[in-house]
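Enquirer: Okay, handing you the structure first.
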Amino acid sequence: MESQAVFSVIEVVLNRPLFQCFDYKLEGSYADDIVGARVEVNIAGSREIGIIYKVKQDSSLPFAKLKSARLLDKKDIFAPDVHKMLSFASKYYLYPLGQCYVSALPKLLRDGKEAAYGEIPALAATKEGLEADVKNIKAKVQAQILTLLKEGPVRRKELRERGFSAQAENALIKKGFAVKVNLALSLKATQSTAAPSVLKEEPPVLNPEQSVAVEAICAAKGYQAFLLNGVTGSGKTEVYLQVIAAVLRKGQSALVLVPEIALTPQTFERFYNRFNVPVSSMHSALSDRERLDAFLDMQRGGPAILIGTRSALFTPIPNLGLIVIDEEHDGSFKQTDGFRYHARSLALVRAKAAGCKIILGSATPSLESVENALCGKFTKLDLTIRAGGASLPQFKLIDLKNEPLTPGIKTGIGLELENRIGEETARGNQVLLFLNRRGYSHHLFCPHCGKIFTCPNCDNPLTVHKNEGRLKCHVCDNVFAMPVVCPDCGSREFMENGYGTEQVEEFLRLRYPDVGIERIDRDSVNSKAELEKRLERIKEGKSKIMLGTQMLAKGHDFPDVTLVGILDIDSGLFSDDFRALESTAQLLTQVSGRAGRAQKQGDVIIQSYHPENELLNRLITPNIAYFDIALDLLLIRKNLNLPPFSYQAFLLSNSEDRVKAFAYLQELNSCLQKKAGTYEGLSLGPVISDKMEKRHNRYHFHILVTAIRRDVLNAFLNETVKIEQDNPPKNDVRFAIEVDPLFLY
DNA sequence: AGCACGCCGACT
DNA sequence: GTCGGCGTGCTC
């Protein structure tokens, strides 16, 4: 008698651009608890990793047609709330489910590696180290590290995040106080030590506003969303920390999403120092192995905290009690390629699915969130008191129209700002100058024939970078040699137009030769570590003038800054993107928040050629908070039927072949135009080329779809996908749908 | 997205 | 004669 093998039928999602699942057979008898486990399967001749979506009694296909799958996990490697979020996301963003699932996994799991810890490099104190008196170690950093090690081994990843250099670690090893260890084996022990308290340090006393906020959030039962609207320096983070503490005490875990730019040692330090529970992180600076470790850390369960950027949202966290989205207005929560999701939107879905609370925190909330607060979907909590009694800065708007032609104004610094920089630095104060434009000159041209040097891959003028002696494309990051001879007319003379941070720095060095200047932008700062080093130098007061782009605008505290100068606000006031005013208001508020954070009164000087501009004047009026301006901007949106009062999507195509990219969308558009009429309140635009039609050597076209109702938009996009599948793009044409775009194309 | 199958050009 | 170009169509 031959024993009859028992098979289960499973429905598997795969990493393919298909809106369908595939049935496989699996030897053995399985129940629903393997939904969410990975399998290795054969699909169309290639091996692939898939995820079990359903366990079924039988397939609609003949059993003989089913190939067999190999089970890679014993159970679900996701979590119920993550499953719900991903199913939602696939439908909402019209992105294939399998690809949503795959995006949610760390690369090693995507590649079929075992869901288990590898070696975790850590540092541990030696016996000598444990016995040594930290006070006897002169090197400050080494002493800090040893203090940590005395409590137990610490991962090198954590030490790195907290800003400790490998140098300091090695010095400790050399002294015989520390030793490199592999933590993987001892991990279980570390975990099971039942901590008597979730807190490592005594939390500070809250001010009344913070207490109200913490109590309100802690009182929430099940799902509830809070908009924590707190001015810069009002202690939003402390509110998060105390709510997290309450969540941990209930045995639950917390997920904290921050913008990429906020992953600083100070941020990590506050969490690592405060809590007696495992703190993990998930962000782009980690290796594949470290990402898997963080995934497993959380999957294990038990009260824990995960801090990370948008992709951390997909990490399985059993017993999730709280999601925090810090700086919720930040654009980096939106993914702009592949699975084009917005982490804020999906976080709300996940919180609902998990039945937990969610805090969206910002000094400058997005208009979407402001609207949600107004219509009662979010509970708004305000923090208006700045710590240490710091007052809000004084604004001064300077009209550049009749400015004398000084060397300064050529690099965007008017006489009054120039003088104020001199005064403040002479008093020993610091100055922060903001210009959102990197490089030396905006572009280079030939005065004889008028040729402007542009990127061969993009429709974009090349920026002059004098220090490097090269031309750079800020769209595709390609670099080019400085021309010697004009390729069009043979002239050997060139002229530059427009200024960037590099040129402003050059002027400042000539003008204030004895004042330390720190330029902070993507060209002058290569790594996170270097940024930290430079910011440290600023905080120690070695440099008096800071000049930078976005990089400098957010998060960092500079207590001695008494003057903030905004060199060019105008580019943010006159834009064809309806979100420009919102982001300008946010940026201005955030940059201004850098001034006067301690005892010193701060001033903000805004230079403009349009000082009569209404928004600008409202922004600088004392006592008009960002929120009031947000309300004004919302009213404008409402009158024009713009988001969040309508819903948008883009149909995008691109190809190396300009004609093919256009033709594909044109064909799609003519099909869709016939159907658009049956969708109420829906408008379908024509095919137009992107503002920057050519980038990365490809030609880009788009169609804008707008609807008054979300469900109508979604239904229409479903029809679009159907048509796309019947007539898929050929050759090298790529097609994509972007729902809720943040930038217009 | 892969990958196989299939039908036309310049190579030993 | 055949190696290989990439156009088309399918994947449990």
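Cβ atoms are placed via backbone N, Cα and C, with glycine included.
As listed in TrEMBL for this protein:
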| type | residues | note |
| --- | --- | --- |
| DOMAIN | A:217-383 | domain 'Helicase ATP-binding' |
| BINDING | A:CYS446, A:CYS449, A:CYS486, A:CYS489 | Zn(2+) 1 binding site |
| BINDING | A:CYS455, A:CYS458, A:CYS473, A:CYS476 | Zn(2+) 2 binding site |
| DOMAIN | A:474-635 | domain 'Helicase C-terminal' |
Enquirer: Between A:CYS446 (Zn(2+) 1 binding site) and A:CYS473 (Zn(2+) 2 binding site), how far is it from one CA atom to the other, in Å?
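Expert: About 18 Å separate the Cα atoms of these two residues.
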Enquirer: Can you check which residue among the binding-site residues A:CYS486, A:CYS489 has the largest number of Cβ atoms within 10 Å of its own?
Expert: A:CYS486
Enquirer: A:CYS455 (Zn(2+) 2 binding site) to A:CYS489 (Zn(2+) 1 binding site): how many Å between their Cα atoms?
Expert: 18
Enquirer: Tell me, roughly as an integer, the mean pLDDT over the domain 'Helicase C-terminal' (A:474-635).
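Expert: Here the predicted model's pLDDT, averaged over the domain 'Helicase C-terminal' (A:474-635), is 87.
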Enquirer: Do any residues at least six apart in sequence from A:CYS449 (Zn(2+) 1 binding site), in the same chain, have a Cβ closer than 8 Å to its Cβ, and if so which, in order?
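Expert: Once residues fewer than 6 apart are set aside, A:CYS449 (Zn(2+) 1 binding site) is near A:CYS486, A:ASP488, A:CYS489, A:SER491.
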Enquirer: Around the Cβ of A:CYS473 (Zn(2+) 2 binding site), how many other Cβ atoms lie within 10 Å? Please give the count over every shown protein chain.
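Expert: Its Cβ has 20 other Cβ atoms within 10 Å.
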Enquirer: In the same chain, outside A:CYS446, A:CYS449, A:CYS486, A:CYS489, whose C-beta lies within 8 angstroms of the Cβ mean position for the Zn(2+) 1 site?
Expert: A:PRO447, A:HIS448, A:GLY450, A:LYS451, A:PRO487, A:ASP488, A:GLY490, A:SER491
Enquirer: Counting across all protein chains shown, how many other Cβ atoms sit within 10 Å of the Cβ of A:CYS446 (Zn(2+) 1 binding site)?
Expert: 21
Enquirer: Determine the most Cβ-crowded residue among the binding-site residues A:CYS455, A:CYS458, A:CYS476, using a 10 Å radius around each Cβ and all protein chains in the structure.
Expert: A:CYS455
